[in-house]
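**Student:** Got a structure for you, questions after.
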Amino acid sequence: MKMDILTDYEEYAEKFIGKFWDFLPDLIAAALILIIGLWVTKFINKMVTKFFQVKEYDPTLESFLQSFIKIALKVVLFVLVITQLGVQSSSLVAIIGAAGLAIGLALQGSLANFAGGVLILLFKPFKVGDFITAQGVDGTVKEISIFTTKLTTFGNQVAIIPNGQLSNNNIVNYNIEKTRRDKITVGIGYGSNIKVAKDILLQICNEKETILKDPMPEVYVGELGDSSVNLSLRFWAKNEDFWAAHFYVLEELKLRFDDNDIEIPFPQRVMHNTK
């Protein structure tokens, strides 16, 4: 009995070793295909990057196509390796087809994000370098890939937003137009001279070169509040100068109001100490 078991083990071992040696050439070939394929994929990606740099294509198109090409090359490499290991192409297609429905259901979000990326590429609601507001995030578009878009915020943080959400929701693009209007509201005391305050605000705008003179800056009384007369200042600036002009005006109006005894009311609390 023991001899029969040993004989069976020996036969199984011989068959396994025989099949292993028969399979070894395909395994080595598959490994070589994988190694060479990874190198070729990396080389092609570098060439694609250089091509886009030389041709100076739209950065939006560049980042999207680079992401797509990387994934496509990896899929092709996977199919080549699997085929070399003995899986027939027809069988592989059948397996992929059978699993396609399940994968599609599991990856509905990813497919929606891919479709969103295509829509962004086609209709171009924004491009790389634009400053946008989307999904409650303000930032500059850093990269548009096939599934997500990366924004760099004011704090130098990277926000990653799925393309499906971007294509199906509201987006504010501040760079479609070359200029942008700012509106600054400042309250002055009821005892302050409104005309002097308005002249100061207009003077600040006229002295600043980056604030456009056409359209002309304008100041008006926007509201008679409970404790202040609220003045609204509107002016235009180029997109690249907008924030510098905004902060300049805020600082200058405070300094010049102080010099001209124009009060900017603020909440105060009076406490009485009773014994």
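Cβ from N, Cα, C; glycine included.
Keep in mind that this is a model prediction, so the values were computed, not measured.
Here's the feature list from TrEMBL:
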type	residues	note
TRANSMEM	20-40	transmembrane segment
DOMAIN	69-108	domain 'Mechanosensitive ion channel transmembrane helices 2/3'
TRANSMEM	71-87	transmembrane segment
TRANSMEM	93-123	transmembrane segment
DOMAIN	110-175	domain 'Mechanosensitive ion channel MscS'
DOMAIN	183-264	domain 'Mechanosensitive ion channel MscS C-terminal'
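Describe the structural surroundings of these features, if you would.
**Tutor:** Across the domain 'Mechanosensitive ion channel MscS' (110-175), the model assigns an average pLDDT of 88.
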**Student:** By DSSP, how many residues in the domain 'Mechanosensitive ion channel MscS C-terminal' (183-264) are helix, how many strand, and how many coil?
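**Tutor:** Helix, strand and coil residues of the domain 'Mechanosensitive ion channel MscS C-terminal' (183-264) number 35 helix, 24 strand, 23 coil.
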**Student:** Could you put numbers on the helix, strand and coil content of the domain 'Mechanosensitive ion channel MscS' (110-175), residue by residue per DSSP?
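**Tutor:** Here the numbers are 20 helix, 25 strand, 21 coil.
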